[in-house]
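Below is one structure, written out as structure tokens; the observations come after it.
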Amino acid sequence: NVPEDQAEKLLLASWGLPRAVLEKYHSLGVVQMFEWQAECLMLGQVLEGKNLVYSAPTSAGKTLVAELLILKRVLETRKKALLILPFVSVAKEKKSYLQ
């Protein structure tokens with residue numbers, strides 16, 4: 001579980017994302033994460049680019065964790081990222097709102 005003193009980490013706004021990104025997530029109804037998502041982001045040196053392997057049921061929110069890691073990394077390093085998705089429909093959905 002996320003420690004009480006780090007409960008603000010559940011809020012997307014506490015992850016240093018640009019306002020435009022936060023507004024887009026908010027328009028989609030995403031204002032905060034589940035505890036397990038924040039736990040993934042706070043594990044070890046994940047935010048510094050170390051690997052993360054996690055598993056959750058379909059529609060549990062795995063993609064949000066990946067998106068936040070990718071967005072933070074791209075914004076901090078100014079490098080490109082490659083996001084591989086399992087289905088064309090998911091790829092089209094992500095393309096439309098990541099643009």
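From the backbone N, Cα and C atoms, a Cβ is placed for every residue, glycine too.
Quick look at what TrEMBL lists:
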type   : residues : note
DOMAIN : 44-95    : domain 'DEAD/DEAH-box helicase'
Tally of residues which DSSP labels helix, strand or coil - the domain 'DEAD/DEAH-box helicase' (44-95): 27 helix, 0 strand, 25 coil
Arithmetic mean of per-residue pLDDT over the domain 'DEAD/DEAH-box helicase' (44-95): 87
